[in-house]
Structures are given as structure tokens and as C-alpha cells.
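Here is what Swiss-Prot records for this protein:
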SIGNAL    1-20  signal peptide
DISULFID  CYS64-CYS77  disulfide bond
CARBOHYD  ASN65  N-linked glycosylation site
CARBOHYD  ASN80  N-linked glycosylation site
CARBOHYD  ASN136  N-linked glycosylation site
ACT_SITE  SER169  active site, nucleophile
ACT_SITE  ASP193  active site, charge relay system
DISULFID  CYS252-CYS272  disulfide bond
ACT_SITE  HIS274  active site, charge relay system
DISULFID  CYS297-CYS316  disulfide bond
DISULFID  CYS308-CYS311  disulfide bond
BINDING   LYS325, MET326, ARG327, LYS328, LYS329, ARG330, ASN331, SER332, LYS333, MET334, TYR335, LEU336, LYS337  heparin binding site
DOMAIN    347-482  domain 'PLAT'
CARBOHYD  ASN359  N-linked glycosylation site
CARBOHYD  ASN393  N-linked glycosylation site
DISULFID  CYS463-CYS483  disulfide bond
CARBOHYD  ASN491  N-linked glycosylation site
Amino acid sequence: MRNTVFLLGFWSVYCYFPAGSITTLRPQGSLRDEHHKPTGVPATARPSVAFNIRTSKDPEQEGCNLSLGDSKLLENCGFNMTAKTFFIIHGWTMSGMFESWLHKLVSALQMREKDANVVVVDWLPLAHQLYTDAVNNTRVVGQRVAGMLDWLQEKEEFSLGNVHLIGYSLGAHVAGYAGNFVKGTVGRITGLDPAGPMFEGVDINRRLSPDDADFVDVLHTYTLSFGLSIGIRMPVGHIDIYPNGGDFQPGCGFNDVIGSFAYGTISEMVKCEHERAVHLFVDSLVNQDKPSFAFQCTDSSRFKRGICLSCRKNRCNNIGYNAKKMRKKRNSKMYLKTRAGMPFKVYHYQLKVHMFSYNNSGDTQPTLYITLYGSNADSQNLPLEIVEKIELNATNTFLVYTEEDLGDLLKMRLTWEGVAHSWYNLWNEFRNYLSQPSNPSRELYIRRIRVKSGETQRKVTFCTQDPTKSSISPGQELWFHKCQDGWKMKNKTSPFVNLA
């Protein structure tokens with residue numbers, strides 16, 4: 001029952017309070033005041049905002065609480081003035097306790113940056129409220145973080161440029177407020193699926209924005225699932241990365257939903273996609289040898305069509321901790337595919353397929369699969385997703401990806417699924433026969449395929465071994481081998497890849 005209420009609560013917030021309509025809640029302006037005590041938190045409770053520097057990799061160790069103005073305590077806690085400083089800011093909570101992701105992120109940062117200060121911003125008393133109240137509290141928490149940073153700046157060797165604020169969900173907007181209120185400019189803010197309800201479409205001073213730090217990078221992982229956007233959809237950083245389109249994440253699909261209902265843990269399913277942003281960031285810290293790349297694109301549809309796999313002019317970037325600051329000021333939306341678990345890295349390929357003489361096609365679209373054979377490994381049968389429709393007597397572009405590094409591609413096999421394998425194809429075949437019964441046979445002529453690797457930027461052309469045998473029909477396959485026919489082969493790698 002509690003799990004159902006969790007979903008309905010998010011839905012009511014999103015539907016009942018459309019973006020920009022909230023006036024009584026005032027997340028933007030006079031947020032009561034810095035000494036506001038939210039309902040249900042007595043004056044004798046622990047501090048509403050605490051700064052806990054983690055000095056041990058043991059999650060059971062509470063660390064050392066910093067106190068603004070207490071320089072001696074700062075020294076006793078082992079704060080390193082010249083090192084990088086990370087502030088981890090959690091989001092809204094139903095339990096009133098830290099979730100497991102926070103300990104994983106702390107540990108990953110400690111392993112990656114051994115001399116760094118890792119500070120957890122504990123605002124659980126203000127986050128363990130109704131969602132609308134927690135939203136109102138983000139501003140005051142941001143002010144407290146800014147106050148701590150202003151005090152640290154009074155120390156001779158401390159630099160705001162070494163500060164990296166990492167905020168999850170509502171915590172991302174807390175980081176935005178902190179960057180807005182602090183005296184100076186924070187080095188970097190990372191937003192991990194910033195919360196959407198009550199922030200979508202509002203003014204930049206009321207949410208995370210590119211103005212809040214020298215570099216703001218954002219991961220969006222839960223923007224459209226089930227018609228409900230828990231994470232914010234709009235771009236709010238210098239680079240906004242949408243893994244798997246920013247909606248359905250691998251491992252959080254319909255089968256997982258059924259299992260969650262059966263065991264009464266629907267809240268775990270809901271947070272699977274929302275929390276995926278955190279795990280992608282952790283992955284970038286612990287799996288340095290397998291960095292994930294994202295590619296600039298105007299929208300998810302074009303990316304799914306395989307159009308956007310270029311690294312020219314800073315059009316691709318690492319994701320997570322390894323993301324690089326872009327030279328240009330305007331926002332960049334970027335996309336990538338991932339696996340269902342760590343390491344999340346996959347290998348993207350753009351396929352440009354020349355298709356000719358698609359006889360008696362009607363409105364039927366072929367169900368095509370490609371198998372890639374490489375020097376290191378071979379792929380599975382990879383579906384060629386038809387996002388719009390097949391263009392006849394033209395070049396069609398597709399996106400496929402593999403979970404393994406195939407090495408240098410050697411050959412490939414194209415398969416047209418027969419009607420017996422798919423009820424959908426059987427219906428289309430029957431409909432096509434009714435519209436054009438005089439010539440039910442169908443053929444597709446494919447002379448060559450060009451493959452471009454997103455990760456290496458290499459381009460290789462493949463041709464049919466026998467130019468006279470380039471036709472394919474349902475239930476048949478075609479083999480392609482490396483060639484130099486039509487396209488010039490390019491083996492140059494992107495200079496960007498060397499940044500990994």
C-alpha cells in the first residue's frame with residue numbers, strides 16, 4: 001500500500017502543480033527564512049543541515065561533522081585545504097535514512113581521489129517531508145551549503161575551483177541554489193537526474209542551471225516512464241546526457257515491474273531508473289578502463305536512427321566523473337546506450353545501408369538483423385530498428401550497439417526475418433498480399449554497407465562478395481566483406497578518444 005501511495009504522490013505533485021503555477025509553495029523567493037523549522041521536526045532535533053566529512057571507507061563509520069566557524073574542528077577532522085572537495089547532496093527521502101547509493105558514491109570517490117575531502121550534506125530532517133515541503137526546503141539548504149563554502153573561502157589555501165557539488169534528484173537543485181548564492185564560482189556541479197516535478201520549465205533562479213558553476217553536467221535517466229517524469233526533462237546544464245534516451249533504462253523494464261508488484265516492492269522499481277544516474281556516475285569512477293561515451297544530438301529519435309555518432313567539434317564526451325568541459329557556452333544534449341549493469345559501457349555502431357529496388361513493398365517494413373564478426377569477438381543478432389520508415393533507392397541509417405569490444409570488424413551477415421518467426425510480419429505479409437496479390441514476392445537489393453564505430457570513429461565499407469548476388473528476401477541472409485567500393489575506407493581515430 002505504501003508503494004502505491006509513493007507513485008500516486010509523485011503523480012499528484014506533477015499533475016496538480018503544473019510548472020510555473022506554484023505560488024503558495026514559493027520554491028523561488030521568500031522561502032520563509034533560514035531558521036524555518038519544517039512541520040514535524042521539533043526544535044530539539046538534530047541540526048536540519050549537517051556537513052559530515054567522511055574519513056573512513058567503512059560505511060558504518062559516521063565521519064566527522066564540520067561546524068561553520070570552528071577552525072579547530074576543521075583541522076581535527078583532517079580537512080585538506082589544497083585538495084579537491086566533493087559535496088554529496090541527497091534528495092527527497094521517504095525513510096528518513098541514507099540509501100545505499102550514497103555509501104557507494106562516497107567509497108568510489110575516496111578510491112578515485114585519495115587525498116580529496118568527501119563531504120556528505122545531511123539534510124534528512126528537511127528532506128523527510130511531503131514532497132512539496134521538501135522542494136521548498138531546497139533553497140534554504142542551498143543557502144547553508146553556500147554559507148559553508150563562503151567560510152571555507154576565508155582560509156588562505158582553499159579554492160572554489162576545486163569544489164565539485166554532486167546532487168541527486170532534489171539534491172541537484174540544492175547544488176544549484178548553493179552555486180547561485182555562494183560568493184564566487186564553484187568549479188563544477190553534477191546533477192544526477194535532477195527532480196522534475198515543480199522544477200520543469202521554471203526560471204533559472206529556481207532550479208539547477210548552467211550559471212551555477214563553471215561547469216555543470218547532468219545525467220537524465222527517468223524522464224518519461226509510464227507517462228510520469230520524476231526526473232527533469234529539459235536541459236539544465238552545459239551538457240545534458242540522456243542515457244538510453246533518458247527514459248527506459250535496461251534492467252528497469254516491464255518484466256521488472258511485474259516482479260516488483262508480485263513482491264510488493266514497487267518503490268524499488270520506481271527508483272531503479274531514477275537512481276540509475278548515480279550508478280552511472282559511480283561506474284565512471286571505478287571502471288576507468290571502460291569509459292562510456294555520449295554523442296551530441298538534437299533529439300532521441302535522431303540518435304536512434306544512428307545519425308549522431310560524430311566526435312568532430314566536441315560532439316562527443318565522456319559521461320560521469322570523466323566528462324570534459326565544453327568550449328562553447330550553449331547547452332549540448334547528448335545521448336548514448338548502456339548495459340543493464342556495471343560496467344555500463346557499450347560499443348556504438350552507425351550502419352549506412354544502400355537499399356535498391358524494393359519490389360512490391362506496399363507499406364510493409366522488413367524485420368532486419370545484422371551480425372558483426374570482429375577480430376576479438378562476434379556479436380549476437382542485432383535488430384535494425386526502423387524509427388520512421390525504409391527509404392527506397394536511397395541510403396538508410398541505423399544504430400546498433402554491442403556489449404563486447406569486437407575489435408576490428410572483419411565481415412557481417414544481414415538477415416531478413418521470415419514471416420514464420422513473427423505474427424506481426426505474418427499480418428503485414430497478408431495485408432501486403434491483399435493490396436498487391438499479383439506479385440507477392442519481395443526483394444531488397446543491398447550492394448554495400450558502411451559501418452562507423454562511435455568509440456574509435458573508424459569507418460569501414462562492406463560489400464557483397466558477389467556483386468551479382470545482392471538480393472535478399474524474407475527468410476534469407478546476405479554476407480558482406482570488407483571492400484573499398486563506393487566509400488573510401490578511413491582508419492583515423494578521433495583525438496577525443498585519447499582523453500579517456
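Using the three backbone atoms N, Cα and C, a Cβ is placed for every residue, glycine included.
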Local confidence of the domain 'PLAT' (347-482) - pLDDT mean: 83
Under 8 Å by Cβ from LYS325 (heparin binding site), counting only residues of that chain that are 6 or more apart: ASP214, PHE215, HIS238
ASP193 (active site, charge relay system), number of other Cβ atoms within 10 Å: 28
Inter-residue C-alpha distance, ASN65 (N-linked glycosylation site) and the residue listed as 'active site, nucleophile' (nearest angstrom): 23
C-beta crowding around CYS252 (disulfide bond), within 10 angstroms: 25
Rounded to the nearest Å - Cα separation of CYS316 (disulfide bond) and ASN80 (N-linked glycosylation site): 34
Closest of CYS77, ASN136, HIS274, CYS308, CYS463 to TYR335 (heparin binding site), Cα positions, recorded positions only: CYS308
In the chain carrying CYS308 (disulfide bond), residues 6 or more apart in sequence that have Cβ under 8 angstroms from it: PHE295, GLN296, CYS297, THR298, ARG302, ARG315, TYR335
When distances run from the Cα of LYS333 (heparin binding site) to each of the recorded positions CYS77, ASN136, CYS272, CYS483, the nearest one: CYS272
Cβ neighbour count (within 10 Å, all chains shown) around ASN65 (N-linked glycosylation site): 17
Distance, CYS272 (disulfide bond) to ASP193 (active site, charge relay system) (CA atoms, angstrom): 12
Distance from ARG327 (heparin binding site) back to ASN80 (N-linked glycosylation site), taken between C-alpha atoms, in Å: 30
Among ARG327, LYS333 [binding-site residues], residue with fewest other Cβ within 10 Å: ARG327
Among CYS77, SER169, CYS272, CYS311, which are recorded as recorded positions, the nearest neighbour of CYS463 (disulfide bond) by Cα: CYS311
Which same-chain residues, if any, lie at least 6 apart from HIS274 (active site, charge relay system) yet have Cβ under 8 Å of it: SER169, ASP193, THR221, TYR222, ILE230, GLY231
